[in-house]
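The feature FAD binding site is assigned by TrEMBL to Gly14, Gly15, Thr16, Ala17, Val203, Leu354, Ile367. The 7-chloro-L-tryptophan binding site annotation in TrEMBL covers Lys79. Marked as active site by TrEMBL: Lys79. According to TrEMBL, the feature L-tryptophan binding site maps to Glu363.
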Amino acid sequence: MNTRNPQNVVVVGGGTAGWMTASYLKAAFGDRISVTLVESGRIGTIGVGEATFSDIRHFFQFLDLKEEDWMPACNATYKLAVRFEDWREPGHHFYHPFEQMRSVGGFPLTDWWLQNGLTDRFDKDCFVIASLCDAGRSPRHLDGRLFEQDYVEGGEEPVGLTMSEHQGKTQFPYAYHFEAALLAKYLTKYSVDRGVRHIVDEVQDVRLDERGWIDHVVTKEHGELHGDLFVDCTGFRGLLINKALGVPFQSYQDTLPNDSAVALQVPLDMQARGLRPCTTATAQEAGWIWTIPLFGRIGTGYVYAKDYCSPEEAERTLREFVGPGAEDVEANHIRMRIGRSRESWANNCVAIGLSSGFVEPLESTGIFFIHHAIEQLVKFFPAADWHPKLRDMYNSAIANVMDGVREFLVLHYIGAKRDDTQYWKDTKTRAIPDGLAERLERWKVQLPDSENIFPYYHGLPPYSYMCILLGGGAIPLRPSPSLALSDDTAARKEFAAIRDKARHLVERLPAQYEYHARLH
Ligand SMILES: Cc1cc2nc3c(=O)[nH]c(=O)nc-3n(C[C@H](O)[C@H](O)[C@H](O)COP(=O)(O)OP(=O)(O)OC[C@H]3O[C@@H](n4cnc5c(N)ncnc54)[C@H](O)[C@@H]3O)c2cc1C
Ligand SMILES: N[C@H](Cc1c[nH]c2cc(Cl)ccc12)C(=O)O
């Protein structure tokens, strides 16, 4: 049995994963542990404009960072939803918002909508946020007040819970877009101020002891770095977990074929163009393009499968999509490793970030995975005996989150009506993860609920599945038969209340640009 007290933590890698891990561990354990972070000055980070889950606010709260401090430093903006364009047919759009689904008489409002909605827009009939996004509104008034929602700021939300403990309790109405490289810089200062040792150097070798545990890493200029627990944040390289420890990587490529991306950072005049309060995912012939509105520029990129599209073609498509403004901007071509390491914790090494796993950025889950992994690491942090059960529970939690998200993303493709190219035709016949086929059959007669979605915590509530099914339009859905026999007065009232509230808020809330121009 190992008897090494895991007090000395060495984080290898200084991207979003490395700095989020170092800062969170310091905030959690203070000087009871030592943290060293080594990052290469030569090997870059995947620093595209990032979109997040709303849960990220718990990360900032844990570090005691306030929006007014970190947001301007990271060119951050509010994200109220993901807007899906052209997934059903050209010109169609729908939203996946940060807004809890209302229920009437024990049925979700979307079920009543299938029975007898006000309009053909499920999202506008069932969620206030869809109208706020269409109108480009900020979720805060100019005096900083959050728009009135089921979530009441300063209310009863319990503090100090992990994300999984929060799920289903409240739904905060927005997440963020920010520049990943600027957040890493911000967290570097936070961490170093609190005692994290920061080394800029390249790890050239990883030395194992006789049991195969990592004894130390060898750097180019700083010699050997010894530690007890090593956190692999080296990105797609997986330098420690995959290369040194030989943990196999399990690809998701059979069900999620997008393996490439080309990205552009485009400075734009936001005052003239306005600032959308959401991420946009626009379907393309061989994938989709993300548009992330930051303060002062957009981050955009084409995610595609190289079996269907060459990098040159993808770059051309992206530049045409962006239009004027991107001519002088250099494109960043990225190969994505889609899937997960079979175990994210092996011996005394825990992989966090892209080295642990990644699914394509369709629902912005990369940073959510990191945040979740760090919370789980704190929860299952080992003692001197390195009890293997702690490691096993950690590995199950990580595998479940990624496998669940994989299933949710696959649903986007089989649920999208679009089938005008070979790429989209193939999305309807490709293999799907075990269990999803059976769940799909259930969803055709009963909309997703907590009993019939992927059965382990993976960050996504049932209403998220409803949005993708109702928005995509490929899967035939029907209302619960019981609704045809029920009085729909209360449901009609709820639809009317949502419409009135949306109209009221669109009139009163400032434009997203106006709000952010004051904040920044
Ligand atoms: C195209 C694309 C779009 C994405 N969009 C989103 C999004 O919108 N939302 C979201 O949440 N997530 C998104 N992600 C995921 C997100 O970018 C990553 O989860 C996040 O950036 C974490 O990356 P990382 O820190 O694991 O790796 P990286 O950013 O690759 O960092 C790796 C670090 O390891 C260091 N390193 C590597 N080798 C060595 C060595 N030998 N010695 C020392 N240091 C070394 C590098 O210098 C670097 O500091 C996206 C990812 C991709 C590919
Ligand atoms: N954990 C939830 C996940 C979630 C709930 N609604 C949405 C909407 C979008 Cl666009 C992404 C994720 C979620 C949260 O972050 O609030």
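Cβ atoms here come from the backbone N, Cα and C positions, even for glycine.
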### Task
Round to the nearest Å and give the CA-to-CA distance linking Lys79 (7-chloro-L-tryptophan binding site) with Gly14 (FAD binding site).
25
### Query
Near Ala17 (FAD binding site), how many other Cβ atoms are within 10 Å of its Cβ?
31
### Query
Roughly how many angstrom lie between the C-alpha atoms of Ala17 (FAD binding site) and the residue listed as 'L-tryptophan binding site'?
18
### Query
Cβ distance under 8 Å to Gly15 (FAD binding site), same chain, sequence separation 6 or more: which residues?
Glu39, Thr45, Ile46, Gly47, Ala180, Ala184, Cys233, Gly235, Gly353, Leu354
### Query
Once the DSSP letters are reduced so that anything not helix or strand counts as coil, what is Val203 (FAD binding site)?
strand
### Message
So if I take the binding-site residues (Gly14, Lys79, Glu363) and measure from each Cβ to the nearest atom of ligand 1, which come out below 6 Å?
### Response
Gly14
### Reduced DSSP assignment, Ala17 (FAD binding site)
helix
## Note on the structure
Note: in the chain of Thr16 (FAD binding site), residues six or more apart in sequence with C-beta under 8 angstroms of its C-beta are Thr45, Ile46, Glu50, Ala180, Leu183, Ala184, Gly353, Gly366, Ile367, Ile370
### Task
Could you measure the widest C-alpha to C-alpha distance across Gly14, Gly15, Thr16, Ala17, Val203, Leu354, Ile367, the residues recorded as binding FAD, and give it to a whole number of angstrom?
24
